[in-house]
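Here's the structure, in structure tokens; my notes come after.
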There are 4 protein chains.
Amino acid sequence: MATMAEDGLVIAGRRFGGRLLLGSAGYPNQQVLLDAVQAADPAMVTVAVRRISLAGYAESLVDVLAGRVLLPNTAGCTTVRDAVLTAELGREALGTDWVKLELIGDNETLYPDVEQLLRATEELVGKGFTVLPYCTDDPVVCRKLADAGAAAVMPLGAPIGTGLGVVNPYMIERICVTSAVPVILDAGIGTASDAARAMELGCAGVLLNTAVARARDPVRMAAAMAAAVHAGRDAHLAGRIPVRTQAEPSSPQLGLLGS
Amino acid sequence: MATMAEDGLVIAGRRFGGRLLLGSAGYPNQQVLLDAVQAADPAMVTVAVRRISLAGYAESLVDVLAGRVLLPNTAGCTTVRDAVLTAELGREALGTDWVKLELIGDNETLYPDVEQLLRATEELVGKGFTVLPYCTDDPVVCRKLADAGAAAVMPLGAPIGTGLGVVNPYMIERICVTSAVPVILDAGIGTASDAARAMELGCAGVLLNTAVARARDPVRMAAAMAAAVHAGRDAHLAGRIPVRTQAEPSSPQLGLLGS
Amino acid sequence: MATMAEDGLVIAGRRFGGRLLLGSAGYPNQQVLLDAVQAADPAMVTVAVRRISLAGYAESLVDVLAGRVLLPNTAGCTTVRDAVLTAELGREALGTDWVKLELIGDNETLYPDVEQLLRATEELVGKGFTVLPYCTDDPVVCRKLADAGAAAVMPLGAPIGTGLGVVNPYMIERICVTSAVPVILDAGIGTASDAARAMELGCAGVLLNTAVARARDPVRMAAAMAAAVHAGRDAHLAGRIPVRTQAEPSSPQLGLLGS
Amino acid sequence: MATMAEDGLVIAGRRFGGRLLLGSAGYPNQQVLLDAVQAADPAMVTVAVRRISLAGYAESLVDVLAGRVLLPNTAGCTTVRDAVLTAELGREALGTDWVKLELIGDNETLYPDVEQLLRATEELVGKGFTVLPYCTDDPVVCRKLADAGAAAVMPLGAPIGTGLGVVNPYMIERICVTSAVPVILDAGIGTASDAARAMELGCAGVLLNTAVARARDPVRMAAAMAAAVHAGRDAHLAGRIPVRTQAEPSSPQLGLLGS
């Protein structure tokens with residue numbers, strides 16, 4: 001299979017080798033995680049600071065992923081104070097000031113609390129962090145996050161773990177067109193075509209976890225996701241045909257036999 | 001990007017190196033066609049017999065695609081007699097008894113005429129052809145075509161040239177589950193995620209033309225389609241997570257800070 | 001609630017008082033069926049000939065629906081011979097030459113066998129029946145059925161009993177635009193908005209059964225369906241706004257305070 | 001057509017005679033507006049305060065809608081200060097402390113600025129207003145608005161004027177299930193089936209404007225919307241059948257002829 005020269009994801013001035021970000025939670029075991037990471041070859045691997053920080057397990061996960069770019073996240077945080085503290089723990093534990101900011105407002109939908117998210121972003125940017133906030137598919141929130149100094153915005157495709165894909169493609173596309181910072185689709189991806197679709201809408205990257213970790217064969221799904229992100233990126237750059245509701249022959253009708 | 005070992009498409013006992021079939025019509029020029037074919041590296045390239053048969057142009061297209069597996073099609077045929085005659089011309093011109101059978105019943109939607117399609121399939125099978133009929137997304141028609149000896153069935157995703165993708169995923173999936181012969185999704189593909197989706201539904205392959213030929217950058221789109229077909233096939237084999245309408249955390253809530 | 005003057009469904013020269021057709025199978029009991037019929041006030045009520053023909057039960061159902069226009073159907077038939085015989089039994093039992101022709105080709109999807117359906121339609125038309133065939137959402141099949149003398153065509157929205165709604169709105173709309181006879185959407189309706197949507201696409205009527213019979217409250221759902229068919233018909237005639245992917249203010253920006 | 005006894009919309013302790021709210025902007029002329037209002041018989045008619053406040057035109061619109069429950073809105077406002085001032089003007093002009101709060105954060109998508117919306121809601125509630133805020137389809141924002149004292153929440157189905165319908169039915173349904181105050185779907189409705197669908201998801205009401213005002217026949221569309229809201233409400237209460245991806249016969253297979 002031919003693929004085009006990779007055109008590169010750049011966030012906060014740093015260039016990455018791919019456009020897929022992979023979460024590290026929920027795999028059947030650590031070997032499967034490792035194999036999936038190898039199959040996906042992601043730009044970054046996200047790790048939950050709260051899990052890293054637990055002695056023992058922490059070192060092990062970080063050791064296991066040695067050589068990978070790790071992105072600590074604040075999964076499970078529900079207040080600005082909690083998220084800021086967790087980000088600081090992550091900085092210390094992993095030696096990076098990059099953080100995926102999660103600030104959850106609802107335990108059922110795991111939707112972010114965008115009001116607090118804006119405040120936490122401001123505060124963390126003020127403390128020198130490179131902040132990638134997980135947010136809603138709301139173009140106003142995305143613009144405000146960028147204005148507050150977020151290095152990228154990470155709108156959801158659908159609630160975490162649902163596998164519904166990109167429920168509101170109109171708004172994701174709109175955010176991609178207008179955002180001053182890279183847009184990483186985060187959450188909701190269920191299968192490869194969802195990841196491709198996110199990229200086709202103009203996203204700079206895709207972050208996913210459950211779709212790989214809980215697939216029947218996580219390693220094969222990791223490979224599928226990597227190929228899908230490439231495919232979607234290329235399709236975006238290639239400029240798809242418009243959607244028509246009327247058929248149009250691919251083989252021209254001119255020069256038909258006997259005509 | 002890692003990809004898994006290719007698991008191979010087999011039709012009528014013949015093994016192919018990929019699962020993408022590419023049409024050869026409507027490219028900006030022959031060089032772009034060539035480059036797209038190289039980027040996609042398709043299992044087969046379909047060619048319209050009526051265009052081959054026109055002296056001069058014919059040789060050129062066949063020469064240009066030397067080394068590729070060519071699959072003649074009966075594009076533009078509207079009667080059994082016409083389709084059978086065209087298939088015979090294709091056999092002579094290309095030295096193959098394989099034929100993609102198109103028998104159009106409506107110039108607006110380019111939908112097949114399934115009643116005549118069944119008769120033409122029977123007749124061509126009787127004449128020793130390996131017949132791949134372009135048909136509707138109708139499980140009864142697909143079963144009858146297989147019963148009549150078709151080597152594969154090629155249900156449409158949407159009308160030719162529309163780029164609507166797979167409009168009826170339920171029925172395509174059903175056909176894949178029940179078909180005794182390989183199912184190749186044919187027509188309607190607009191972009192890479194559509195091709196991935198078709199494969200995820202269980203299709204053995206995807207045939208497309210307009211989505212590549214009329215993309216702004218056909219060669220890049222050809223690469224995208226090849227990657228998408230791989231991705232969709234791997235995702236199908238990997239067993240996707242179920243769709244849920246409720247969120248589920250990817251990072252476990254156990255061991256949260258302070259708990 | 002205001003509703004516009006009813007514009008009338010006409011099939012084979014006969015005018016009906018509404019555009020909803022209701023099936024009579026699968027209700028919790030006969031009283032619920034009766035109440036649902038009263039709430040829906042349908043143009044016709046379909047009855048399975050095979051059930052009518054069983055002595056005892058038959059009279060009862062027909063008696064119960066006295067005063068309603070009954071449309072016998074050939075549910076459960078799988079061959080031309082079987083369907084024709086069943087239609088003849090229905091004609092005798094109910095004293096009508098109208099028949100909803102069902103000729104099933106697949107016990108799993110309950111999809112019609114369109115090849116046999118065409119033959120049965122021809123044969124029944126030849127015997128003086130007014131034939132309303134249940135068919136696929138295939139514009140070529142619909143045109144051929146009309147050419148064969150069908151008084152209306154009844155393409156499916158989705159497989160019987162699924163409640164998926166109108167899976168292929170493009171093709172249903174296309175069939176409505178081109179059909180020489182009325183188009184009645186049959187099968188697949190799950191709830192009121194599905195029925196409204198079918199009418200908005202241009203259908204002349206909607207036939208449904210399971211969505212009412214197996215709703216938690218069949219009588220209320222029957223009323224909902226009647227209102228939805230009215231709503232969808234009016235919306236179709238009213239000419240909806242085009243779909244846009246960009247917002248447009250409903251309150252004009254002119255004359256803003258201070259401007 | 002039978003309809004069930006109306007079950008009544010209650011907001012802030014006040015009972016309304018229907019569940020449709022209609023906007024008053026953008027009609028071809030005032031007579032059409034009047035006729036549409038009569039055909040829809042809405043629970044409330046929204047009016048833009050900025051337009052009311054312009055001398056001359058204002059009285060006329062209010063006079064014309066005499067006898068209707070008017071709901072002033074703050075269309076066009078982009079700051080808390082602006083929205084509060086406009087609400088106060090509306091209170092004075094219309095003698096009501098009810099207000100539909102619009103606080104727009106983006107001129108392209110007309111998405112609300114949810115951060116400011118929360119502040120404006122708090123402030124207006126503090127000033128004794130009954131506040132119905134137009135918001136995103138974000139369950140956390142909806143809960144916070146209710147916590148801040150909003151009498152209802154009005155999440156969008158899609159951007160204003162697009163006619164895309166309810167783009168994220170999962171989240172609208174979720175908001176309906178969890179909200180402590182009535183949920184009125186606001187914006188995005190294109191046609192009758194969209195309004196029915198919103199009600200089926202559990203909304204207490206639907207607010208729309210462009211879909212009626214800019215239909216080819218606004219009066220007929222107004223009637224369609226009224227019927228659709230009834231239909232959707234009844235369907236919601238009736239408990240729809242589950243969606244299945246496999247067919248299920250409506251006519252039982254038992255007792256088939258000859259069996």
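Even glycines carry a Cβ here, placed using N, Cα and C.
Keep in mind that TrEMBL annotations are predicted by a computer and have not been checked by a curator.
Fair warning: this is a prediction, and the values are worked out from it, not measured in the lab.
According to TrEMBL, the residue from B:G161, B:G232, B:G239 that belongs to the 1-deoxy-D-xylulose 5-phosphate site alongside B:A187, B:G188, B:N209, B:T210 is B:G161. B:K100 (active site, schiff-base intermediate with DXP) is 16 Å away from B:G188 (1-deoxy-D-xylulose 5-phosphate binding site) when you measure Cα to Cα. Mapped onto three states, the DSSP output places B:T210 (1-deoxy-D-xylulose 5-phosphate binding site) in helix. Straight-line distance linking the Cα atoms of B:T210 (1-deoxy-D-xylulose 5-phosphate binding site) and B:K100 (active site, schiff-base intermediate with DXP), rounded to a whole number, equals 17 Å.
With an 8 Å limit on C-beta distances, the recorded positions from B:K100, B:G161, B:N209 that reach chain A are B:G161, B:N209. For B:A187 (1-deoxy-D-xylulose 5-phosphate binding site) paired with B:K100 (active site, schiff-base intermediate with DXP), the C-alpha to C-alpha distance reads 13 Å. Binding of 1-deoxy-D-xylulose 5-phosphate is attributed in the record to B:G161, B:A187, B:G188, B:N209, B:T210, and the widest Cα separation among these residues amounts to 9 Å.
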